[in-house]
Amino acid sequence: MTIIRKKHPLIKMINHSFIDLPTPSNISSWWNFGSLLGLCLMIQILTGLFLAMHYTSDTTTAFSSVAHICRDVNYGWLIRYMHANGASMFFICLFLHVGRGVYYGSYNMIETWNMGIILLFAVMATAFMGYVLPWGQMSFWGATVITNLLSAIHYVGTTLVEWIWGGFSVDTATLTRFFAFHFILPFIITALVLVHLLFLHETGSNNPTGLNSDADKIPFHPYFTVKDFLGVLILLMVFMILTLFFPDILGDPDNYTPANPLNTPPHIKPEWYFLFAYAILRSIPNKLGGVLALILSILILALMPLLHTSKQRALIFRPITQTMYWILVADLLILTWIGGQPVEYPFIIIGQAASIAYFAIIVILMPIAGMIENNILDLD
């Protein structure tokens, strides 16, 4: 008799995705981040649900309701800090997951890759709206600055901004709708994750060599369930150390001041995970140009399959492109640092140079390096 996991319509789907899934035997720990992102999403949905039970999305009470959660609700402080730092862990895993995809040429699985880009945009939108909810100074001014960027769109821009605000400034209408969207988006993200996995399981996982691994596959369980569990333990350990010992290290002190439309903070900046894109936005003097560069900084990932010139898939045996890749990583760290600095000399020029380097490496240098390597290895 066939065991239930292979027969039952519902369990059969889980079986094909997480138990009997044929997996390349040589995938490294860089392949752990998919499951860790799933864990982060679950943590965020659960903590967010409990926060939503006590939060009020009205400008007069939003800040006080967050203070009430931290002071009066049982373990409210823990739930709040888990949710805030959970977002940071989510983005750390996201960036490493995308970085892994770029390094090992996973972008050649085009449907999975494009679905991943849509997911990245959705998660970024969710995080941005979540940052507005505590209604501190940085929440209010961050929302004002970022939504105002839409006014750069010709003809309809101003109308669009006022439509999103629900008035002539960021106010209760804006906060209420941001809360509604922030609540619903994680569930949409969960659905998109299932589509992401559906596309992935059509082609099967990539592996560190970038070669076809059909001849050497093993079941996902128990080998990779155990391996993923180690990743889960490490993530939870780092997460709890961050949450319990350094809960505010990644936040902005300005957000402990209630929102005040009459008082602008000296340096308006988003959360750390948006700083690289914020630096690219600020490095262009023109408003519309900055907005386009901001969108392109993420959307450029969609061009990666077209910019792949090498006959090899992964970077593991491609030292020139490897060098370009690590320069790109360093460049992103520089952009992150610049995004948090005031707009003055020398930060402006460093930001502009780093922004040019970011696009140049992806669009020009890495494809050229791929062609050079083909010639060196006589692969043409």
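Please read every residue number as a count from 1 along the shown chain.
Cβ coordinates are placed from backbone N, Cα and C, and glycine is handled just like the others.
These numbers come from a predicted model, not from an experiment.
Record features (Swiss-Prot):
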BINDING   His83, His182  heme b b562 binding site
BINDING   His97, His196  heme b b566 binding site
BINDING   His201  ubiquinone binding site
TRANSMEM  33-53  transmembrane segment
TRANSMEM  77-98  transmembrane segment
TRANSMEM  113-133  transmembrane segment
TRANSMEM  178-198  transmembrane segment
TRANSMEM  226-246  transmembrane segment
TRANSMEM  288-308  transmembrane segment
TRANSMEM  320-340  transmembrane segment
TRANSMEM  347-367  transmembrane segment
Q. Do any residues at least six apart in sequence from the residue listed as 'ubiquinone binding site', in the same chain, have a Cβ closer than 8 Å to its Cβ, and if so which, in order?
A. His16, Ser17, Leu21
**Q.** Intrachain neighbours beyond the transmembrane segment (320-340), with Cβ under 8 angstroms and 6 or more residues off its ends
**A.** 99, 102-103, 267, 269-270, 272, 274-280, 282, 310, 347, 350-351, 354-355, 357-358, 361-362, 365-366, 369-370, 372-373
Q | Segment-segment contact (the transmembrane segment (288-308); the transmembrane segment (33-53)) at 3 or more Cβ pairs under 8 Å | A | no
Q: Report, in whole Å, the straight Cα-to-Cα distance of His83 (heme b b562 binding site) from His97 (heme b b566 binding site).
A: 21
Q: Please report how many Å separate the Cα atom of His83 (heme b b562 binding site) from that of His196 (heme b b566 binding site), as a whole number.
A: 24
**Q.** the transmembrane segment (113-133) versus listed stretches 33-53, 77-98, 178-198, 226-246: most Cβ pairs under 8 Å
**A.** 178-198
Q) Near the transmembrane segment (178-198), which residues from the same chain, at least 6 beyond its ends, have a CB less than 8 A from one of its CBs? A) 17, 37-38, 41, 44-45, 48, 52, 55, 57, 112, 115-116, 118-119, 122-123, 125-126, 129-130, 132-133, 143
**Q.** Same-chain residues at least 6 apart in sequence whose Cβ lies under 8 Å from His182 (heme b b562 binding site)
**A.** Gly48, Thr126, Met129, Gly130, Leu133
